[in-house]
């Protein structure tokens, strides 16, 4: 009797409990009116259609052939789409905008079954085509491993007509000179981007470094004029202080934001290819991202989410929330 008083579902078959729950979620005081539950419908990013009139576009880059530890990032674009469906119930609580009404989902580029150089050519061409077909849209990309960012930067450099500024959130410096004998990989993209003139090195900030690395590799960025902060320093850095750094170093120049999900501590983002203990929290990441609101942000990506290592989907949800926040604060 006590069990029945405390929990009316005790003793009921599981399917009966589910039917009762579903009925309660899908009715209103006005009657049996169905509404869209988060898991209903086609899994596009924020349940968005493909619409060239919207100010933001989501593009998947499903490629992970340059990873050095755990694969799976090729599955991330669709994982982010599924996770983003949890963010479709209303407006952003801080910025009071509705990202769901502002974004278009362009699908994925066909890059999975090709080599690294071919993948980069396809990414560059795909980003160029997407931006030229809808010139007013800000493109948000979902990798894929971090090598995919190089293809995006090649396209954005052409579109902007000048070297870009770069804000790089990452546990790793990504300035290695080679990738197991190859000249490109997910750990070389930043050096490649500087060597190719895609970004101005004096306008590069690398934030959150904490992995094992030779000082000569880590400090290469500073030798070129850039700056890096360790994960410890980043945890202590307030949003206003980051904004001041960006203001002094980058001004009104076009800024691209690349966010390797492994900058987060594995407690907040276990599903990544190369996790490193001692990262920042999701709350800190949102604080720092929101501090960039005033600047000339031309695009953003989130990379290195590996769904096979993300059984609770919290990494995918963190990545989707970062993109959702970017749209909300810029919309």
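Even glycines carry a Cβ here, placed using N, Cα and C.
Unlike curated entries, TrEMBL annotations are predicted automatically.
Sequence annotations record features per position, and here TrEMBL assigns Mn(2+) binding site to 146, 170, 172, 174, 260, 262. Cβ contacts within 10 Å of residue 260 (Mn(2+) binding site), excluding its own Cβ and spanning all protein chains shown: 28. Secondary structure from DSSP puts residue 260 (Mn(2+) binding site) in a beta strand.
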> Which residues, same chain and not among 146, 170, 172, 174, 260, 262, have a CB within 8 angstroms of the centroid of the CB atoms at the recorded Mn(2+) site?
Replying inline: 168, 169, 171, 186, 187, 263, 274, 303, 304
> When you measure from the Cβ of residue 174 (Mn(2+) binding site), which residues in the chain that are at least 6 apart have a Cβ under 8 Å away?
Replying inline: 146, 168, 186, 187, 188, 189, 190, 191, 206, 260
> Got a sec? Which of these binding-site residues, 146, 172, has the most Cβ atoms within 10 Å?
Replying inline: 146
> Within 10 Å of the Cβ of residue 170 (Mn(2+) binding site), how many other Cβ atoms can be counted across all chains shown?
Replying inline: 29
